[in-house]
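Novice: Here you go, one structure.
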Amino acid sequence: MSKANKSNKAIKYRLYPNDEQKVMFAKTFGCCRFVYNQLLALQKQRYKDGESHLSKLKSNEFATRTLKKDYDFLKEIDKFAVSNAVFHLADAYDRFFKKQNHFPKFKSKRKSKKSYTTNFTNNNILIGKNVIKLPKVGMVKAVIHKLPKDDWKLKSVTVSQDSVGNYFASVLFEYEQEDIPSVSKSSTNAIGLDYKSDGLYMDSNGNKAGVHKYYRESHKKLAKEQRRLSRKAGSKKNETKSSNYFKQMRKVNRIYRKIANQRLDSLHKKSTEIANQYDIVCVEDLDMKAIGNKGFGNGKATFDNGYGMFLNMLEYKLKERGKYFVKVDKWYPSSQICHCCGSVKKLDLKDRFYTCDCGYTGDRDHNAAINILTEGLRILQSL
């Protein structure tokens, strides 16, 4: 019998709350931000005073006992939302201590993401026909475009509001997934991908991704709306923001949202296509933040491509299919090695073609993709 592993999957639903429910969502967003900031201030003060850092459990006790006793409005919202705000700060500290993130910052009312997470217990959350039942909120109208399978267990729900004002519920499920037989490591159905700032990637077969440049295509329209925003009362520092300012801000955010949705859809289609077609995919383990640095002049192109997001999609989709996703070290000189004879030749960024003394001449990105494939297959065989 094949062994079953526990896996998680989330389904995101669009919510249409009534006015009363919108007020409750706003209260919960605000309370979670308040708890997060209060705990962050406490942890910083304890550090200054030479006291030990509060554990996740002690932090939760402080929030659910001390803060709720001092601030009655915290009793009006979902209790799990308060606890999860505590856990989010604890996770932020964990990532900081592991040198994965910067030190946690206080959350701003205007700039911070509006969201909260609640947990499933005693049927406090239900998904029905075009409705979702949430603790302290009740039945919220929703677009239920996809239902979970019968054996999926509901774990939690994250409610969020985007910059345009739309509400969403991301429902997390746990299910048992049977081990999928892995494809053979010696499979010849493999491909290498080399990052291209002007087209997502070039593969080892010489094909470009051919993705759309959504951000750059919308740049003129976006710039026009941003100029209008800059003329509204409230655009200057320390100036009171008018209602017209917020109306125009929503117009700008709608453009950003459309760009993001177009990019997400395109990357999902492209990553699914590759995951279905190939057994082994080899890529470079690149630092996309460094590549997107404005000092290199690649900021807009990197942002528009979403290559890091594309690789994340590709990795989990290949894993779900029992296939291999291999990362080659970013310092591997894929662009400088001739894939025909193995000789090394230093190239500048402006050199777009690789010409070797052995007689090979070709696109440098195509040559790099072939080298990434060769190195990736070598790494896979050594595992």
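Sequential numbering from 1, following the chain as shown.
Cβ coordinates come from backbone N, Cα and C, glycine included.
All annotation found in TrEMBL is predicted automatically rather than curated by experts.
What TrEMBL shows for this protein is this:
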| type | residues | note |
| --- | --- | --- |
| DOMAIN | 8-50 | domain 'Transposase putative helix-turn-helix' |
| DOMAIN | 174-290 | domain 'Probable transposase IS891/IS1136/IS1341' |
| DOMAIN | 307-372 | domain 'Cas12f1-like TNB' |
| REGION | 222-243 | region 'Disordered' |
Novice: Other than its close neighbours in sequence, what residues sit by the domain 'Transposase putative helix-turn-helix' (8-50), given a CB gap under 8 Å and a spacing of at least six beyond its ends?
Specialist: 59, 62-63, 67, 71, 73-74, 76-78, 81-82, 84-86, 88-89, 93, 104, 106-107, 109, 112, 114-116, 132, 136-138, 140-146, 148, 152, 155, 159, 161, 166-175
Novice: On average, what pLDDT score does this prediction assign to the domain 'Cas12f1-like TNB' (307-372)?
Specialist: 90
Novice: For the region 'Disordered' (222-243), what does DSSP give as the number of helix, strand and coil residues?
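Specialist: Residue counts in helix, strand and coil order: 10 helix, 0 strand, 12 coil.
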Novice: Give the residue counts of the domain 'Cas12f1-like TNB' (307-372) per reduced DSSP state, in the order helix, strand, coil.
Specialist: 23 helix, 13 strand, 30 coil
